[in-house]
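**Student:** This structure is in structure tokens; I'll ask about it shortly.
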Amino acid sequence: MNEITNLTSDDDALRASNTSLSSESAYSSNGNAVPLPSTLNRKESVRSYKLRRKLKRHKQMQRLVSKDGMCNVVHCHVKYRGFRFMSDMFTTLVDLRWRYMLLVFTLAYVLGWFLFGIVWFIIAVSHGDHRNASMNATLDFEPCVENVNTFTGAFLFSVETQTTIGYGFRSVTEECPQAVFIVVAQSVFSCLIDAVMIGCVFAKIARPKKRAATLKFSRNAVIAQRDGQLCFMFRVGDIRMSHLYEAHMRAYLIKPRVTEEGEIIPIVQYNMDLGYDTGEDRIFLVWPLIISHVIDEKSPLYEYSAQDLSTADFEIIIILEGVVEQTGLTTQARTSYLPSEIIWGHRFCSSVVALKHETDKQYSIDYAKFEDIYEVPDMTRASAKTIDQRHHNEEEEGNSKLFLDCMQHYMTNVINKQHPHNGVHSNRIVADIPLREVPLRDASVRRRLRGLSSKGNNGRLNRNSDPLAGKRWHPSVVRQLSVTDTAAVKDETLKNNDESDVDDEAGETQGLLSRQDSRIARESNV
């Protein structure tokens, strides 16, 4: 009962510690230390120390992939698990730890010797070799196996037969055909055991998994700007002189997701592009390289800022694959980065590779500086999405201003050419800027170019006289010219190929402008 009580108390304490994870993370995110109890006796302090150790192990188990590449995954409640593993015996043996592998290796041979020793002892007993052992010298009695009178002798004879070390004091005679058959069967079994066991040991030794131990990843990753774009960067290196063939990188972001229907998916993989389309993910890993992922609208880090990163819940898994030069087998090295291991506003130092001696013409790689980083001054802490929105707004404002200036200058140029003596527009800047040079990338600019809807040729310029025939005027352009009568401005810009029609139209336009100037003057007086 006391043991049950202790177990339940430990479980309750562990559950209490797990529920306090959120409060502890909240205190740490606010920059305050976790509050400690005011008084603790020796027993409570020891218990709290044990809980901290359990809590620390619990936090470590929350990581999917450890820094050395081990996956923290345990498969539970699998039906027919043993049968499934035994059906793939070779892979099961290769995956065993070395201590279990050596145990299986030894048991395979010892059990074979023991089983065939029992068979040889049964043959000797059935033939009466042990009873007539003392009469062999006086009587004409030939045993099946000479000098196999006990089980120990039968076991030693089994070892001599299976290991093919050669017969000496004990040997098979031609008296028993079954003994000859057992010799052949044990020889075949010996070859089979040798092939399987030696093959498993060789495959385990030559596994490319151990090649990943000489591939080094940086402990921390950084986020900084490269060529005006935010980039997620980490460093990778190979400390061996032999190189990997066809080395390439992959990266995944793992985090939970909630669907629109409210379904909670605990683990979702998001691909992080490392340059697959451009071939930048394939690397020549001779010296340490800085691998970068551009944080654009397709990146899962697009909406994360420096503040969001401190409280984010995700894990970035990095995978490096390549072909081992010695064996031709594919190896894979893995690591992962938590949000706490990603440093915002820093870059890796580039002083890792240096010329060792000018006479030797060799480069020296200093792995003591492999983890060195430095802070980028005046680094923005906004997300890539916020930065893109700022650039978009600035570009839209610039396009809108350029559009209005171009249209105002063009309208002024047209009116001043038709009425060079008009004092109202004499102070306008004359510029002949074609409308086709106005940037049309922005949707707002295209909306401004929609113009006014009119019938017939009203609101359009003459195709023969104006290079912008077919373009409609926008009301904002008319307001920029301080003209209230839109129809008057449209009629004012119309031309005719006949000179007489142009003179008549100029007179009518002059009258309209004079009436308009008087109307503006009255409004200003009022």
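Positions of Cβ are set from backbone N, Cα and C atoms, glycine also.
In case it helps, TrEMBL gives these features for our protein:
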DOMAIN    65-208  domain 'Potassium channel inwardly rectifying transmembrane'
TRANSMEM  100-123  transmembrane segment
TRANSMEM  179-203  transmembrane segment
DOMAIN    215-390  domain 'Inward rectifier potassium channel C-terminal'
REGION    448-526  region 'Disordered'
COMPBIAS  454-465  compositional bias 'Polar residues'
COMPBIAS  488-498  compositional bias 'Basic and acidic residues'
COMPBIAS  516-526  compositional bias 'Basic and acidic residues'
**Student:** Please count the residues of the domain 'Potassium channel inwardly rectifying transmembrane' (65-208) that DSSP assigns to helix (H, G, I), strand (E, B) and coil.
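**Tutor:** Tallied per class, the domain 'Potassium channel inwardly rectifying transmembrane' (65-208) gives 87 helix, 6 strand, 51 coil.
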**Student:** How about long-range neighbours of the transmembrane segment (179-203): same chain, 6 or more residues beyond its ends, C-beta under 8 Å?
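**Tutor:** Hits for the transmembrane segment (179-203): 90, 93-94, 101, 104-105, 108-109, 112, 116, 119-120, 123, 144-145, 158, 161-164, 172-173.
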**Student:** Quick one: mean pLDDT on the domain 'Inward rectifier potassium channel C-terminal' (215-390)?
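**Tutor:** Averaged over the domain 'Inward rectifier potassium channel C-terminal' (215-390), the predicted model reaches a pLDDT of 89.
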